[in-house]
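Pulled from TrEMBL:
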type	residues	note
DOMAIN	157-380	domain 'Major facilitator superfamily (MFS) profile'
TRANSMEM	7-30	transmembrane segment
TRANSMEM	36-61	transmembrane segment
TRANSMEM	73-100	transmembrane segment
TRANSMEM	155-175	transmembrane segment
TRANSMEM	196-216	transmembrane segment
TRANSMEM	228-247	transmembrane segment
TRANSMEM	259-275	transmembrane segment
TRANSMEM	281-301	transmembrane segment
TRANSMEM	321-343	transmembrane segment
TRANSMEM	349-369	transmembrane segment
């Protein structure tokens, strides 16, 4: 089996387990374990801090322990943490173990992104790998929440903890067949980010500020302003996942130039600005198509450019920093949009005009910073 297909299959299995668990964690802490909303909010703040730390530590582990070894250890410890949560099944233990699982899940993610950069020799190969990986991951997320919702209704959250632990372990034998890439790690705990990579992180933060709208902000707006039911919003997210599964590979074949990321951000900006005009579910389906189209252009290109600009001797640490910046962008997206939502209910342009401006700013910065020849030469 091709390495790209192996990574995609591993990603599909792991994302199925993760989506079963994380789609309902916050809701379960409130409803199933009876924690007050303020503690649920504190849980997510704590998780964001822990994830930030995990991205950096994951980068060091990937460089010094090796990509496959880091992924294997992280996968095993993540599952052990959830098994402990399942056995004890007390609110405090569940919160603590789920946070530990989140930490190692993120260290796994950094090593996973790094190993793609090691396997792929050319920029087009990078895009192919990341496109294929997204197909696998989105396949898991497309069906996981629907299955998890049904199981939660019948058996409660505890069964989701168990499945969230066991299902990812099913990918372990395949994970252990991955060859460890040959690379020489830069010695020492400190490392210096090259100028091209540092500049790339600026529009990347803005990019993920836009990409982070596909979650709490869009769901809440459609529910409160347009009047869509949670079931209808769920169908929109399923549309997003299925479009990626069936179209990402095809679109990835045409993403040969890094500068196309600027076009992707323009599509993002216009698509989110159009949300302000959407009157009902049918047009929301059309809108989701174009939002997903932008995602299928921007996401694999962003990861590919980051890997292309990274120093191979400290690729793990570069990817850890990239994950930290993009993770902060997603977190800030919910925070800023949470403030703007109160205005968006009466004046949609207050929110979606802001998102449009951020997307266009990101596109403009990419057009200045990203030079095809520079990125492609770094992969030669």
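Placement of Cβ uses the backbone N, Cα and C atoms for every residue, glycine included.
Contact between the transmembrane segment (7-30) and the transmembrane segment (259-275) is absent: fewer than three CB pairs lie under 8 Å, with pairs separated by 6 or more positions in sequence.
Only sequence-distant pairs (6 or more apart) were considered; of these, fewer than three Cβ pairs between the transmembrane segment (259-275) and the transmembrane segment (228-247) are under 8 A, so the stretches are not in contact.
Listed by sequence, the residues of this chain that lie at least six past the ends of the transmembrane segment (155-175) yet keep a Cβ under 8 A from its Cβ atoms are 6, 9-10, 13-14, 16-18, 20-22, 24, 28, 32-33, 68, 71-72, 75-76, 78-83, 85-86, 89, 94, 98, 101, 148. Counting Cβ pairs under 8 Å to the transmembrane segment (321-343), the stretch among 36-61, 73-100, 281-301, 349-369 with the most such contacts is 36-61.
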